[in-house]
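Below is one structure; the comments refer to it alone.
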Amino acid sequence: MAEIRTFEKPGPVETDWADAISPIEEIIEEARNGRMFILVDHEDRENEGDLVIPAQMATPEAINFMATNGRGLICLSLTGERIDALGLPLMASQNASRHETAFTVSIEAREGVTTGISAHDRARTVAVATDPTKGAADIATPGHVFPLRAKDGGVLVRAGHTEAAVDIARLAGLNPAGVICEIMNEDGTMARLPDLVAFAQKHNLKIGTISDLIAYRHRHDNLVRESAVQQVTSAYGGDWMMRVFTDETQGAEHIVLSKGDLTTDEPVLVRMHALNPLEDALGLGPAPAGELPRAMQVIADEGRGAVVLLRDPSMKLAAGGRVSPQILRQYGLGAQILSALGIHRMILVTDSPKPKVVGLEAYGLSIEGTCPITRGE
């Protein structure tokens, strides 16, 4: 490999690690040139990292490097369009995993492989799965490669390594697909940023962050647009300014109810609410009854704030069906809406603990604290 690049010796404070992070433009260039790189959520010393390489550059040598040095599960990030073209169903119809990573059934190339697990065989499977001239007939299931379905809209919708790998490959002008592998230490623990910096130095790899990728895409792309605005009067809190934002990726409409000037320096009360008709309109389900009207009253009492009502168009109206607040609240569409409203510092109206949201700073947003919904009772 090329000569190892050096970094300033990191210190114990997480901001001291910033010099180990490469600008996202350099990461895109690495991808364009077929070089592997490391992605972390943010330059926080507790972050885990993935090895990433554009799928069309995934040679047997690259797969072997991931298996030998990365040690984690080797996965293939694909667009939803490509997953559908290959006819791959999700591994689980109800995704209950912590980060809701969208695994499909595992795959194998139908021809040109032996056991399927060798570096050559997995590289062959990746090549077939990403070849636009190949289809479902060229893939067998189950197998030894684990496809992941990236969200339409990429990291601006979900701040995950799956979406980041696809986004970076696309931005590099390559097939929008990537091979990723979590990095583990020799003792089997997950490598954190101090370990990842040493790993990058040893193998001459660059480290990029999903947060920087979100900021880069936020400067160049926008997935939401304001499509309507009007004054409304509600039984909960009186007069509100209602805005409708349209999601350009799925066409879903999200509603914002606001009071007062949201653009001043003081923190703004914000309620991020994942709409569920069965719970919000009919009072069905496990969520506490009346959360939304009580949150509206909290903001009305303050005289300043916003209620962001996020809709999940994929939600099925069935008993027990739940909107995933983790996806809707923590990822990009809601953040883009808040940014469009001119909000920078917010206090979340919630009875839950203060969340840690990946990439929030990329939108110029920060969570200053929380305000309980019970205050509105």
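Note that Cβ sites are derived from N, Cα and C of the backbone, with glycine treated the same way.
Annotation note: ALA159 (D-ribulose 5-phosphate binding site) sits in a coil segment as assigned by DSSP. Under the heading D-ribulose 5-phosphate binding site, TrEMBL lists ARG45, GLU46, ASP50, ARG158, ALA159, GLY160, HIS161, THR162.
Taken from TrEMBL, the feature Mg(2+) 2 binding site applies to GLU46, HIS161. For HIS161 (D-ribulose 5-phosphate binding site), the number of other Cβ atoms no farther than 10 Å from its own Cβ, over all displayed protein chains, is 27.
The feature Mg(2+) 1 binding site is assigned by TrEMBL to GLU46.
Annotation source TrEMBL lists domain 'GTP cyclohydrolase II' at 229-371.
According to TrEMBL, the feature site 'Essential for catalytic activity' maps to HIS144 (among others). Here the Cβ of HIS144 (site 'Essential for catalytic activity') has 17 other Cβ atoms within 10 Å, regardless of which shown protein chain they belong to. According to DSSP, HIS144 (site 'Essential for catalytic activity') sits within a strand segment.
Summarising the annotation, TrEMBL assigns site 'Essential for catalytic activity' to GLU182 (among others). Counting Cβ atoms from all protein chains shown, GLU182 (site 'Essential for catalytic activity') has 18 others lying within 10 Å of its own Cβ.
Mean pLDDT of the predicted structure over the domain 'GTP cyclohydrolase II' (229-371): 81. The local packing around GLY160 (D-ribulose 5-phosphate binding site), expressed as other Cβ atoms within 10 Å of its Cβ over all shown chains, amounts to 26. Cβ neighbours of THR162 (D-ribulose 5-phosphate binding site) (same chain, under 8 Å, six or more residues apart in sequence): CYS75, SER77, THR101, ALA102, LEU148, ARG149, ALA150, LYS151, ILE180.
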